[in-house]
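Okay, so here's the structure we're looking at.
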Amino acid sequence: MPEEKTTNRWLVVVGALLIQIALGAVYIWSVFKGPLMTKFKWDAAPTNLTFSIIILVFAIGTVIFGKMQDKIGPRSVATIGGILLGVGLVLAKWTTSLGWLYITFGVIGGLGIGAGYVCPLSTCVKWFPDKKGLITGLAVAGFGGGALVFTPVAKSLIASKGVLDTFAYLGIIFGICVVIGAQFLKNPPPGYKPAGWEPPVLATGKASGGDYDTGEMVKTAQFYLMWISYLFGSAAGLMIISNALPIATAQGLGEALAASAVMTVSVFNAAGRLIWGTVSDKLGRTKTLLIIFTLCGITMIGLKALTGTSILLGVSLVGFCFGGYLAIYPSMTADYFGTKSLGMNYGTVFMAYGIGALLGPMLYDLMKSPVAGQLSSTPLIISGVLCFVSLALILMLKPPAKA
C-alpha cells in the first residue's frame, strides 16, 4: 500500500520522542541515590539495588508488553506504561524502607518503562522500513537524552522540595508525557510501503527474512548469535560507562572535568544512537556492528594508557559506540525476523541488554583495584575481549531463510 500522508509517520516520531525522553529519565537515578542515603542512613549497595531492579524489570517488561502491543496495538500499551510509571514514582513519595522503594520505583516503574519503551520502537520501524536505523536511532537517542533534560530539573526539585516529593512531581510529569506521546502511536495499514520504496534483497535472495513469531525466532541460530553478541556488548559497555567518573578520576582528570564526565558520556551515548543508526542504513547492520565492536574493543583495552583529558575522550568514545547497539539491534531484529511480531521479538532480544546491564557493573566491582583511586587493567581487558567475542559472533551472522 503506498503512503497516503507522509506527515502521518513523522507524527509517530514526535510521539515516540516524547515518550522516550520521559522514560530515559530513569538514568537520573544517581541524582536520587545520595539524598536517599543521607535521609535514611542507607548503605550504598542496597540503595543501588533499586536501579538494578528497575533495569531488570524494564527488560522483562519489554517482553510482556511487546507481546501485548503486537495484539492490541501500541497506543493502549504505551498509555498503560505511562500510567504505571507515573503511579510507581508517585507511590515512591511515601518511601520509608528500601522494600517499598524496590516495589514502587523498581518494579512498578520498571514495568511502566518496559511497556512504554517497546511500543515507539516497533511502531516507528513499521512506518519507516526505508529508514529503520535512522528512526530507531532517533527514538533511542531520545531515551538517552532523557537524563540530560531532567537531571537539572530533579536537582532543583530535590533542593527545594526534598527527595521524596521530587519522586511525586516527576512521576506526574513523566506519566503525562508518556500518555500524551502514546496518542500519536498507530500501526500503519497492512502492506504499507513508503512511496517509491522497495524492500532490499537479502543474501537469501528474498526481500526479507520473513515474518517469524517469537517461538520460531528462538529456534534459529541467528537469534542466539544476535542475543549473545548484544549481551556481551552491553555488559562490556556498561562496565565502563557506569564507572566513567572513577575511571576518569583515577587517570588524573582534573576535578572540574571529572565532575562533567557522566554528562559528557551521556551526550556521546545519545549522539552514537542517532549516528550509528543512520550509518547502518547506508552500510548495513552487520558491517556497522563490526566497526563498532572493533573500535570499542580497542578503546577499552587502551584506556589504561590514557591520562588527563584523553581519558575523558576515551570513555566518551566507548559511550558513542555503545549507543550504536541500542539503535542497530531493533532494526536488525526487524530485518531478520519481520515486523509482524516485532514487539515481542525485540523484547526477547532486548533481555540481553537487561542482563548485560546487571552483569557489567557487577563484574567491574569484582575486578576493580583494591587500592582506592587506582585503575585496574583487568576489567578494561575483559570488556575489550567481550567486544571482540561479539565481533566474532557477528561475523558468523547471515540472514535466516524461512521455508
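Here the Cβ of each residue, glycine as well, is placed from N, Cα and C on the backbone.
Per TrEMBL, the features are:
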- 8-402: domain 'Major facilitator superfamily (MFS) profile' (DOMAIN)
- 12-32: transmembrane segment (TRANSMEM)
- 44-65: transmembrane segment (TRANSMEM)
- 77-94: transmembrane segment (TRANSMEM)
- 100-121: transmembrane segment (TRANSMEM)
- 133-154: transmembrane segment (TRANSMEM)
- 166-185: transmembrane segment (TRANSMEM)
- 224-245: transmembrane segment (TRANSMEM)
- 257-276: transmembrane segment (TRANSMEM)
- 288-305: transmembrane segment (TRANSMEM)
- 311-332: transmembrane segment (TRANSMEM)
- 344-364: transmembrane segment (TRANSMEM)
- 376-397: transmembrane segment (TRANSMEM)
Looking only at residues six or more beyond either end of the transmembrane segment (44-65), which have a C-beta under 8 A from one in the stretch? 26, 29, 33, 36-37, 77, 80-81, 98, 101-102, 105-107, 109-115, 117-119, 343-344, 346-348, 350-351, 353-355, 357-358
Do the transmembrane segment (344-364) and the transmembrane segment (224-245) share at least 3 Cβ pairs closer than 8 Å, excluding pairs fewer than 6 residues apart in sequence? yes
The predicted model's mean pLDDT over the domain 'Major facilitator superfamily (MFS) profile' (8-402) is 90
